[in-house]
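What TrEMBL says about this protein:
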SIGNAL    1-31  signal peptide
DOMAIN    115-304  domain 'Peptidase M28'
TRANSMEM  338-366  transmembrane segment
DOMAIN    380-600  domain 'Endoplasmic reticulum metallopeptidase 1/1-A TM'
TRANSMEM  387-412  transmembrane segment
TRANSMEM  418-439  transmembrane segment
TRANSMEM  460-478  transmembrane segment
TRANSMEM  484-502  transmembrane segment
TRANSMEM  514-537  transmembrane segment
TRANSMEM  557-577  transmembrane segment
TRANSMEM  584-608  transmembrane segment
DOMAIN    615-837  domain 'Endoplasmic reticulum metallopeptidase 1-like C-terminal'
Amino acid sequence: MREGLAASVVSVFILMLWGLVHLSLQQLVIGKPTGDFNALTARRHLERITSVGPRPVGSQENEVLTVYLLEQIQHIQVETAAGPHQLTVDVQRPTGSFSIDFLGGFTSFYDRVTNIAVRLEPKGGARHLMLANCHFDTVANSPGASDDAVSCAVMLEVLHSLANQSTPLHHGVVFLFNGAEENVLQASHGFITQHPWAKQVRAFINLEAAGVGGKEVVFQTVPGPENPWLVQAYVHAAKHPFASVVGQEVFQSGIIPSDTDFRIYRDFGNIPGIDLAFIENGFIYHTKYDTADRILTDSIQRAGTRDNILAVLRHLLMSEELADSSEYRHGNMVFFDLLGVLVVAYPARVGTILNYVVAAATFLYLAKKASQPGNGGGRYVRDLACATGVAVLSWLVTLLSMLIVALLVTLLGRSMFWYNHFYTSICLYGAAATGKIILIHTLAKNLYYGGVRLVELGDLYFDVSLLLWCCSLVWLTQQGLCSAYVPMLMVAFPLVTRLLLAKEFKHRGASLRYSMFYLLGLALPYVHFMFLIWVVFEIFTPIMGRSGTEIPPEVVLASLVTLATIFLSSFFLHFIYLVRSTKWILTGLGAVFLVTFLVISSGLLFPYSGSPERPRPKRVFLQHTTRTFHNLQGQVESKDSGLWINSFDYTGIQHITPHVPEINDSFRTRCREDRPFCGYPWFLPVKFLSKKNWYLPAPEVSPSSPVEFKLLSKEETSWGTIKMTFRVTGPSHMSLYLMPHRGASLSTWSFGDGTPHFDLSGEYFIFYSHGLDVHTWTFWFEIQFSHRSSPEGMISVAISSHYFFGKDQRTAQLEEILRRFPTWAFPSSWVSTYDMYRY
């Protein structure tokens, strides 16, 4: 009767949850669109866009693509002129600056970058606009098929479909093809802060990539608690949903070193939106392998058609919510898909109620067991507390043991063995973690619980798992995290399953019948949880190949595998106490671990691959640079030239040295603290991520458009500061570093909102880029200085230039060393200069 009460409460919850699922199913919009999406046409767009090669901002290739996009848009404009819609095109060339806390914090300045904005609306106009965003620029040396040419190809065809729709749209939509996203989100800032259409935008969809192909995942949604209607629109319209609030909360926590235009529209436009991205095969993201042939037509079809993007856009453009979203505000949303079949979504406040109902039912269940006859004197509570301690201790010991194994692998020089052989990490860390947990509980069963019936122990350790998951449920709910739905599922379904099988368990223990029904009851939460774990590994494993030389990847992956093992094993702990012996299980797991460790130690598992079918490239940055350092008198005090080499993963150059012996530790760089950014031409402020660099002597570079840096004026203001104005001419990409000396500080400058923002090391980094036909950059800053006679002056100013395209990108020395790199390496290379001045 007492157990039945708890079961009834949780059963009510299950019915409520199913009602939400059923409601989601009923509200799915799967109607046939009137405008057809042609994936083959989108693929032709993709192949044409990528055929011009890499498209950095300021390059001729970027402008060639601009012309192509305008031609395609003009064809659509002519084709749909007689229909119910009107189409307006505007090429924007914005100039502006802003500060951003990405990568430790820096300031960005852009001059005449390119935006192609296409406004589609009913004839007669529209007051409210939806925004769809992609970017057609790329990083240097990558054709950028997934990032982000495929999204622009899809957008072209979605534009064509909507423009040909026979039913007039209720609202308008702006398709923004932005040409400067890889320059840290510059073009989107130019649009949302300067374009006249931006004031009418009510929501946006941003199409991005963190991998190549696969399903596009919703990994960020509306900012804040006020716009849940966008999630509901995705739930209603997407036929193949792929979304989870867990991904949103993880991404927005900042632990993933990446960002998208979503941030700009959120922070500077204050409008809600959805961020979608391809995440599979992130190993070749931002490399030469990101080609059109690797993106399946099925991926384009699923992303573009009524299945997802077109369906969501059409739903929003025909909805009432876009016109006045204030009427539909009711807090955050909990949302997650079930294997891509449907999305469950409900308000966070409803989720809080459900979470506390489940937690209350769990504590009621445990309280009823504690009050049963035979548990006098708090015996059950003591047993539960002791068993909980054993479980937590087993997890801590297991995690510590796996970190020791990870350290051994690192010391053996076999780090990242799993980069090209992922499942070997499961065989090493997963087998060892599982074995360690089983061993500790087997010892506890045999040495501590010697006289206790196995059925009682099994029952006790099920309660332990339930209690621990319930505690995490309560804690996450109190923190206001929508991800609390995960422990809610991991509590509700096992509890109901166990209560329904209570009699079966008491009479037969761990019988085959009990085990089958128990596994069936755990199927839904466990399948969903394993899916989330797969997404985590799909994202984080490739990231370890570009996370710098300072983050030990073995520690990260060993921790992830161990935590996944702990979470997945939680509701199977009680089986350890129900079976008579675990000897053969431990022997098998031990053998798997030992064989895998020996194979890894022998070096048979190489981390990288240059296979065209399945590349796993090692990323290396090479810059042929000339550095010039000036003293306070403006004279050159030193000058050198060399090949500056950065490894962007933890293995450094240990695998490169056999192929290029010159790159060895005798040429390791040392950071000069008296020079801005160590005296090297950092393209972005990531020196804290990659501290192991190499500098090989090489001849001086002589680009055809060298940097000219000039101090125009230096004057004392009436409020006691020194104002310095500079003029710079140079290539389309430059970085400015400011390092005030002791006793000096920047008070204001001409960038952003006028307030100087420094990075993690206390220096100032300004990222600069320009489009075509821009050659002069003028800026100023004011500095407060208390020691005017200091021998080191007030401030060190350095300017670095980066030649990402054209004839200035390559030198004979770069070409020669690139030929010697192995096929499994991706050396991204260019020419740069670094000039430092003291004032």
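Here the Cβ of each residue, glycine as well, is placed from N, Cα and C on the backbone.
Since this is a predicted model, take the numbers as computed values, not measurements.
Note on the domain 'Endoplasmic reticulum metallopeptidase 1/1-A TM' (380-600): mean pLDDT across this stretch is 90. Of the candidate ranges 338-366, 387-412, 460-478, 484-502, 557-577, 557-577 has the most C-beta pairs within less than 8 angstroms of the transmembrane segment (418-439). Below 8 A, the CB atoms of the transmembrane segment (338-366) and the transmembrane segment (557-577) form no more than two pairs separated by six or more positions in the chain, fewer than 3 in all. Here the transmembrane segment (584-608) has long-range neighbours at 405, 409, 412, 414-421, 424, 427-428, 431-432, 434-435, 438-439, 442, 616-618, 651, 655, 824-825, meaning same-chain residues at least 6 beyond its ends whose C-beta is under 8 angstroms from one of its own.
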